[in-house]
Amino acid sequence: MTEPAFPRVRPRRLRATPALRRATAEARLHPAQLTLPLFVGEGLTEPKPISSMPGVVQHSLDSLRAEIGRAAEAGIGGVMLFGIPEHKDAEGSGATDPDGILNVATRLAVAEAGDALVVQTDLCLDEFTDHGHCGVLDAEGRVDNDASLERYRDMAIAQAESGSQMLGLSAMMDGQVAAARGALDAAGRDDVALLAYTAKYASAFYGPFREAVQSSLQGDRRTYQLDPANRREGLRETLLDVEEGADIVMVKPAMSYLDVLADTAAASPVPVWAYQVSGEYAMIEAAAANGWIDRERAILESLVGLRRAGAEGLLTYWAIEVADWLRGRPSASGVLPVGAY
Ligand code: PBG
């Protein structure tokens, strides 16, 4: 009589070799799932570094053109454009001006990208308002939901006319998806897709983005973005946005909201994306620059974790670099991490 083998169940069996691990991975990354956020500064003649996001810049129109070329070459899914106007005002008038920086950049990006990339645009007033809020203010200085929707209807039309193929609704105004959809359809633009930031939390992790868009936010966004304590409310926002006509729903930030992402993935009939935001980027870059973390492994782990939680698309400032790794190419620094998913 031989002893029965113990333990009989050996999960380590499938972890034994790189080939076994590769063949049994439950979640994967693919370049087409990645969207690269890009900042474009009005009046810039050369790219301007963003100190809290090492490696990320505010683009000039020329450097934007070159970056779109690199993004297409890397095979990523798309780009999300943010414009930083030279002059900001209370209404954010640069957002609806056909010659405003975001609309100019969109026309250029669409021409450059051809069929290779989905050109997406941030549909939010905060880059354009002098008070930095995602809407217009009433006489008491509060963000006026319904007056802001009027601006968002106009902004949706302006972006569609510039050629944007997908509008990223990120203001967290009630009814914004229905307002944008209604305005577009009435203008005969039922072809333009809506990416709704449905569960967008009032987060400290947007910190570096404020530098990136030179925002001088007065106060905070807690009266319109979700409280980080709330999980059920994230799902409620998602269901509402789907009902209002969102083509894709998005959770943001990513890493601290994996439960919301999993809930959304379970409940949503439309694709679910996640936005790995500026602060998440900055944390990993800062720790890596200090030698405290393995940069490439941390980047890949942070992204595959979002896929595992249910995100089908990922907005990440590392999109081109990660796409290169996934295609077996080292990044500019010469690094090619092993075991890229
Ligand atoms: C709104 C918008 C923000 C981000 C994306 N769209 C800022 C905010 O809501 O405060 C943040 C993205 C990031 O931090 O990377 N225009």
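Cβ atoms here come from the backbone N, Cα and C positions, even for glycine.
Marked as active site, schiff-base intermediate with substrate by TrEMBL: K200, K252. Taken from TrEMBL, the feature 5-aminolevulinate 1 binding site covers R210, R221. What TrEMBL records for E237 is Mg(2+) binding site. The feature 5-aminolevulinate 2 binding site is assigned by TrEMBL to S278, Y317.
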Query = Which binding-site residues from the set R210, S278, Y317 come within 10 angstroms of K200 (active site, schiff-base intermediate with substrate), judged by C-alpha positions?
reply = none
Query = Which chain-mates of K252 (active site, schiff-base intermediate with substrate) that are at least 6 residues away have a CB under 8 A from its CB, listed by sequence?
reply = S170, Y197, A199, K200, Y201, S203, A274, Y275, V277
Query = Taking the Cα atoms as reference points, how far is R210 (5-aminolevulinate 1 binding site) from S278 (5-aminolevulinate 2 binding site) in Å?
reply = 9
Key: Candidates near ligand 1 among the recorded positions R210, K252, S278, Y317, judged by a Cβ under 6 angstroms   = S278
Note = Of the recorded positions listed (K200, R210, R221), the greatest number of other CB atoms within 10 A surrounds the CB of K200
Message = Tell me the Cα distance separating R221 (5-aminolevulinate 1 binding site) from S278 (5-aminolevulinate 2 binding site), rounded to the nearest angstrom.
response = 17
Inquiry  = Helix, strand or coil by DSSP: which one applies to S278 (5-aminolevulinate 2 binding site)?
reply    = helix
Query = How many whole Å apart are the CA atoms of R221 (5-aminolevulinate 1 binding site) and E237 (Mg(2+) binding site)?
reply = 16
